[in-house]
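What TrEMBL lists as transmembrane segment is 31-58, 79-97, 117-137. Annotation source TrEMBL lists domain 'Fatty acid hydroxylase' at 124-252. Annotation comment: TrEMBL describes 283-302 as region 'Disordered'. Look at TrEMBL and you will find 287-296 tagged as compositional bias 'Polar residues'.
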Amino acid sequence: MDLVLNVADYYVLTPYVYPASWAEDGALRQIISLLVLTNLGAAVLYLGLGAIAYYFIFDHNLMKHPHFLENQVQREIKYAMTSLPWISIPTVALFFAEVRGYSKLYDNVSDSPLGWAGLFLSMISFLFFTDMCIYWIHRFLHHKRIYKFFHKPHHVWKIPTPFASHAFHPVDGFLQGLPYHIYPFFFPLHKVLYLALYIFVNIWTISIHDGDYRVPSSLESVINGSAHHTDHHLFFDYNYGQYFTLWDRLGGSYRYPSALMGKGPHDLIRKLQAEGKLADDGVKSNGKVNGHTQRGVTCKEE
């Protein structure tokens, strides 16, 4: 994070924001700057990438599904934007430790113990380390004594849109983001690669909520995609993983996506329309609007 902070200091903060007497390496100044940059960056990534996915990838036909809530997109955005500032507080504490040199982040490839090979290996190990950690954190958040306090708000979105990707309770959001931030305190990682992976993580998190259920057939059993994660929202006890299905298989929580078996959200919408129970505008024949419970819809209640 010090790369971002240095650029911000050089081009904006030092010449235009802070008084010349305030040293760039001052702890309070760094904390304030990191809070501003973290919140700004999170909002830009979330709203920018979310909007791209929502307008160009998300199938808006899913909004006709009986479990799609009234004003859901606005509610997702409001919840996320309310939570992000709170999530940023403990996150900035970790960024501050990085900036002060307590992590294993390095500037040059020559600083890597294995050179370019180390750069590649650190990328792979980052994905597997964070996937493992998130699986167990996510599963822990589903424990009956924990779930209702922190993770349940995210499961309000049973048919999520890309904007549901960051719509977490602050504690939930921080805990599921924690593996990304603690990795460089345990393992060497190039600073530029760390930023690239941070952006990738945000893209991936949005992608598993984007309603695009297509998965290359050769990767269906390996990659945890949107089809897998939608079943997690619908059926609750399955597909906790982030990128891969490995830990779900090891932990006995893997579920083959219903959307890939012809039993997914799109199939239900087509069935309801064929039966005359759902009009093209998403209003059910009984006059209720999306978001109210529809009989015959299989969905585990938490």
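Each Cβ is built from the backbone N, Cα and C atoms, and glycine gets one as well.
Through the fold, the transmembrane segment (31-58) approaches residues 1, 4-5, 8-9, 13, 73, 77, 80-81, 84-85, 87-89, 91-92, 95-96, 99, 161-163, 165-166, 199, 202-203, 206-207, 210-212 of its own chain, all at least 6 residues removed from its boundaries and within a Cβ separation under 8 Å.
Nonlocal intrachain contacts for the transmembrane segment (79-97), taken as residues 6+ away from its ends with a CB within less than 8 angstroms of a stretch CB, comprise 1, 27, 30-31, 34-35, 38-39, 42-43, 46, 103, 153, 163, 165-170, 173-174, 177, 181-182, 185.
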